[in-house]
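Lifted from Swiss-Prot, the feature list:
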SIGNAL    1-21  signal peptide
CARBOHYD  N101  N-linked glycosylation site
ACT_SITE  S175  active site
DISULFID  C243-C257  disulfide bond
DISULFID  C281-C293  disulfide bond
CARBOHYD  N307  N-linked glycosylation site
CARBOHYD  N346  N-linked glycosylation site
ACT_SITE  D362  active site
CARBOHYD  N378  N-linked glycosylation site
ACT_SITE  H415  active site
Amino acid sequence: MSLILKFMLLILLVSSHHVRSGSIVKFLPGFKGPLPFELETGYIGIGEEENVQFFYYFIKSDKNPQEDPLIIWLNGGPGCSCLSGLFFENGPLALKNKVYNGSVPSLVSTTYSWTKTANIIFLDQPVGSGFSYSKTPIERTSDTSEVKKIHEFLQKWLIKHPQFLSNPFYVVGDSYSGMIVPALVHEISKGNYICCNPPINLQGYVLGNPITHIEFEQNFRIPYAHGMSLISDELYESLKRICKGNYFSVDPSNKKCLKLVEEYHKCTDNINSHHTLIANCDDSNTQHISPDCYYYPYHLVECWANNESVREALHVDKGSIGEWIRDHRGIPYKSDIRSSIPYHMNNSINGYRSLIFSGDHDITMPFQATQAWIKSLNYSIIDDWRPWMIKGQIAGYTRTYSNKMTFATVKGGGHTAEYLPEESSIMFQRWISGQPL
């Protein structure tokens, strides 16, 4: 299709859709002075009636917004607000960790933002997470439904921002978004062949500690626990012999296996499954979380986002949501993608680049599980297992495959990039710029 025809189609799309304009945010409560980066917030309506209103934060690259990659960031959950990514993992701002005193929590600049080299759309999805809302009662959604909604969001967002149509585009996320991101890449790839959609310059995707096939992956928690000296050799050998590798969907008649799995849980239930070296404090109720807990900033972000001056600064629609919840697990949701491995296979066939990384202290999604499904894709190795370095020190290990997929561990990392944001940022910046890790 010629560029002129594409431009004409884009004009027709703009004229046939009512798309709300985003708002430029120059100041945020809690941050001293004007923001040192360009921030836009806004809503994109989804569906014919646009009852679903997806809220986004868009931050331009510090380097060269006109040419740097454009990425969309999706947090996991499902139901976790993208502010978790922006404030805790890869954004230019973070919350100052001090005891809440009733005033607006303070924000500080970070040194590890991925916006150093990329334009990032942080998206609250599914509807009900963060500031995204529905004009009608929220209906049950699903993995496949969200994939289509996010694709529609991107098409409409690019109608509003046609200057980014030519930028290299990547889909990025972690944890549960491991089910969404590969399917979204596949959906975008298909959509690019339809004449009446604005083409998206899709180049690849990035996933951190992704859930890919939970029934398969959770069986790697016991080998991981043994490798980390959390269970004894004797218990591990008995588990292997009696359970035969199936530890979490055990036949009720296999009483011996059930008993052994119970012993495993006695050894590990009081360990922080997202990072084995961090104290296991209760973060389930953020309103009563202890200031000594590593996750105390989760309370601070809820205090910040529930402040009326913050909502006004972000141009949140008044009355659109009640209490802002960082990780909203009450959203009606069906996990209808059992495994995202077939999507990884299709994306590899279509030639898209990918970076899959794992913090090596995560029990929830052990790095061995990720290595196993990558191996099942059956691509040859072109750069074998080796350390990747930062300032002369080993930051992790990496391996690259012939399908343009790079796997990397983050030494000392956990379930998300928040545990080692500096190292994760360097890894991302090297990969996105085409450099070897």
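Glycine residues also receive a Cβ, built from the backbone N, Cα and C atoms like all the rest.
A map of Swiss-Prot features onto the structure.
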| residue | record | Cβ within 10 Å |
| --- | --- | --- |
| N101 | N-linked glycosylation site | 7 |
| S175 | active site | 24 |
| C243 | disulfide bond | 21 |
| C257 | disulfide bond | 20 |
| C281 | disulfide bond | 13 |
| C293 | disulfide bond | 17 |
| N307 | N-linked glycosylation site | 17 |
| N346 | N-linked glycosylation site | 16 |
| N378 | N-linked glycosylation site | 9 |
| H415 | active site | 22 |
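The two recorded residues, H415 (active site) and D362 (active site), have Cα atoms 5 Å apart. The 10 Å shell around the Cβ of D362 (active site) contains 27 further Cβ atoms across the protein chains shown. Nearest neighbour of S175 (active site) by Cα distance, taken over the recorded positions C243, C293, D362: D362.
Looking only at the recorded positions C281, N346, D362, the one with its C-alpha closest to N307 (N-linked glycosylation site) is C281. The recorded positions shown are C243, C281, C293, N346, N378; of these, the one with its CA atom nearest the CA of N101 (N-linked glycosylation site) is C293. Ranked by Cα separation from N378 (N-linked glycosylation site), the recorded positions C281, C293, D362 are led by D362. Nearest Cα neighbour of C257 (disulfide bond) among the listed recorded positions (C281, C293, D362): D362. Each residue contributes its Cα atom, and for C281 (disulfide bond) and C243 (disulfide bond) those atoms are 31 Å apart.
Among the recorded positions C243, C293, N346, the residue whose Cα lies closest in space to that of D362 (active site) is C293.
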